[in-house]
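As given in TrEMBL:
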type: DOMAIN; residues: 56-154; note: domain 'P-type ATPase A'
type: TRANSMEM; residues: 166-192; note: transmembrane segment
type: TRANSMEM; residues: 204-226; note: transmembrane segment
type: TRANSMEM; residues: 538-560; note: transmembrane segment
type: TRANSMEM; residues: 603-626; note: transmembrane segment
type: TRANSMEM; residues: 677-698; note: transmembrane segment
type: TRANSMEM; residues: 710-727; note: transmembrane segment
Amino acid sequence: MDALERLKNENIDLGKPPDWQDFIGILALLVINSTISFIEENNAGNAAAALMAGLAPKTKVLRDGKWTEEEAAILVPGDIISIKLGDIVPADARLLDGDPLKIDQSALTGESLPVSKNPGDEVFSGSTVKQGELEAVVIATGVHTFFGKAAHLVDSTNQEGHFQKVLTAIGNFCICSIAVGMVVEVIIMYPIQHRPYRNGIDNLLVLLIGGIPIAMPTVLSVTMAIGSHRLSQQGAITKRMTAIEEMAGMDVLCSDKTGTLTLNKLTVDKSLIEVFGKNADKDTVILLGARASRVENQDAIDACIVGMLGDPREARDGIKEIIELCRLREDVKKKVHAIIGKFADRGLRSLAVAQQEVPEKTKESSGGPWQFVGLLPLFDPPRHDSAETIKRALHLGVNVKMITGDQLAIGKETARRLGMGSNMYPSSSLLGDHKDESVAAIPVEELIEQADGFAGVFPEHKYEIVKILQERKHICGMTGDGVNDAPALKKADIGIAVADATDAARGASDIVLTEPGLSVIVSAVLTSRSIFQRMKNYTIYAVSITIRIVFGFLLIALIWKFDFSPFMVLIIAILNDGTIMTISKDRVKPSPLPDSWKLEEIFVTGVVLGTYLALMTVVFFWAAHGSDFFTEKFGVRSIRLNPDELTAAVYLQVSIVSQALIFVTRSRSWSYFERPGFLLITAFIVAQLIATVIAVYANWGFARMKGIGWGWAGVIWIYSIIFYIPLDILKFAIRYYLSGRAWNNITENRTAFTSKKDYGKEEREAQWAIAQRTLHGLDPPQNEHTFSERTNYRELSEIAEQARKRAEVARLRELHTLKGHVESVVKLKGLDIDTIQQHYTV
């Protein structure tokens, strides 16, 4: 009974009315965050949807007896559609009466040759009409089509992104920190200090309201939504927003050759044209070859013009046929084969051109003898910006690997023109059942990681390449355009559907390009790194604020038994969130290397900076409450015995430094010299003006707060500015500590922290990217710094072993190249084997 009576006396204020102001404030905070998040994500989604709608396929459909052009998405079984040359079949359909069609089903089956489809046959969604025009009746749409079933299987897989893992880890850290603080408060306040029940609840609310990063989901989603909109303006539509974070960490990009690195248009290399005809030059060879060309699906006018191209007859055909037609001498044949071999060695196709004089000027006459005019070297030229873009990618730490279905020689020639390196392999020799003997002794994973590209690639090879690169801890991007590319696009960390890709490829991808070329991807990488930098800056800030609120108010509540108002913490949270929202448009410098979530850096930095800020607040409270320091030094009146004015003073000090912390976390160097974005600095000034006015004039009895006047406000600003300066020094010290150099004098470990749950690739990615840049001649090797720091025997052994493996790979690669060249050149040229070996030895 005595215990119950004492509990009743201590908690006599249990029945005081609830704090409606706190309830309304918390509700307003949640509504504001949710509304801003919804608006920004909706705007970004609408922008992406509008762009995707522009890419939606259209078709001619018979409705109400009239032919109209409609979106393919509205088709239903039974509709009559019209398909012609160049159209993509919008749905599975059965052909009606008419002439046969030529259909390209490579996007579905991988078969490059068109197939003939007769009336009554089925044509599948996603295939392309190569010849003819016909009507058809729709028999299946959407996921019920052959195309849709494959896409649906791909979509059924679900991969948890790095972003979700990191967000969960950061949220758990903050919640655990708050929980620990609350448990400590409960244990000390009630059993030990016998604090009133309601006051204790208020102190717990302070930790909950101020510690939980309520704005984190909103800030991060708004940042990604705004970034997604910016990417769409650059020609990259983001289907999955978290792909932005993964693209920022991408260190390997497997890019299609045709259409992405090259123009996908065969071109004649005029500088290499070989002329054989008398009184002919390179322009003559090109002209005669053009006049001999025939246009498929020509109409009557085309046939007339092509058929009456002047007196001579021109022929453009295979090499063997032209040689037989012209009846060349043996020495000329040998020269022609030598040139063809030279072109083949460089990956160039050869086209022979011949002409015949027809004095009678009629097609029926036999004409004179055929004359061999020349050889045209054909190749798919690189895009004008591809070489520079690849160089930029390497500078950014992204290694571009060429993926091509063409022969190895063609891939190497394209790589030579682009400056990508010649370390290329046919995919069948690496991933097939019969691995090439010259590379059998080297692990496939190592070969794929070090290769500059792969030739003769099929869709199943793409999937295996991505899988192996991911097993080697790389963040891998993959480009694709066909249905068979969908599994590889889905498997990759960042699946990129190139311009004019099929719907299945777009459905499996994370990013859809609306413009051709590699430059769009590199621009998207830079933008993604800027977006990622903003998110990373905020997460460090959020962890720091959680620690400073929990630790600071915990010490004040337990040491001095001071009950801070939950409503004032709510005001701090609202003003902070309003300011932090603008970080989504802050000025940041993208990282020069692939970026990643370094959780140890986020947590250590947050704990150290948060603890420092908490101690600043504790020292300030002691000076204002437990001494006359400010009164003696600055001449302001004492507020030691006035809890309401102490609340106002603590509120202003916490508000100023908490918001100013964002300038420290957002900068890589001194925060005074890195200019923030206009919106961020404006929001900070406005928020602090409001906070200062509240601290000076507010007289809120429900919040237990009374204004302190401009004198105290000035003192608090001076105190905050003085103790803000060491924050940058602390930031540099943390980075130095985490880099490992601080430990080299104590241990021989290279890093101070190791993480078993490594969501990023951290230092390993940076080292690998630097090695790639050095390999391609972009950075000179830093030999003079190789052993500048203490290096133990194990590290030296690893360096030597890696060098030995690289030398073995290079040696076997040269032997493989020599073997292939010897076989092909001897066959084509009939040269002596010793001569060939001597040439390659030199």
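Note that Cβ sites are derived from N, Cα and C of the backbone, with glycine treated the same way.
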### Query
Quick one: DSSP breakdown of the domain 'P-type ATPase A' (56-154) into helix, strand and coil?
19 helix, 43 strand, 37 coil
### Message
Can you work out which residues elsewhere in the same chain, 6+ from the ends of the transmembrane segment (710-727), have a Cβ less than 8 Å from its Cβ atoms?
### Response
609, 612, 616, 620, 630, 634-637, 639, 645, 649, 652-653, 656-657, 660-661, 664, 671, 692, 695-696
### Long-range Cβ neighbours of the transmembrane segment (677-698) (under 8 Å; 6 or more residues past either end)
571-572, 575-576, 578-579, 581-583, 585-587, 648-649, 651-652, 655-656, 659-660, 662-663, 666, 705-710, 712-713, 716-717
### Task
Output the single range from 166-192, 204-226, 603-626 maximising the number of Cβ pairs under 8 Å to the transmembrane segment (538-560).
603-626
### Task
Take every residue in the domain 'P-type ATPase A' (56-154), average their pLDDT values, and give the whole-number result.
81
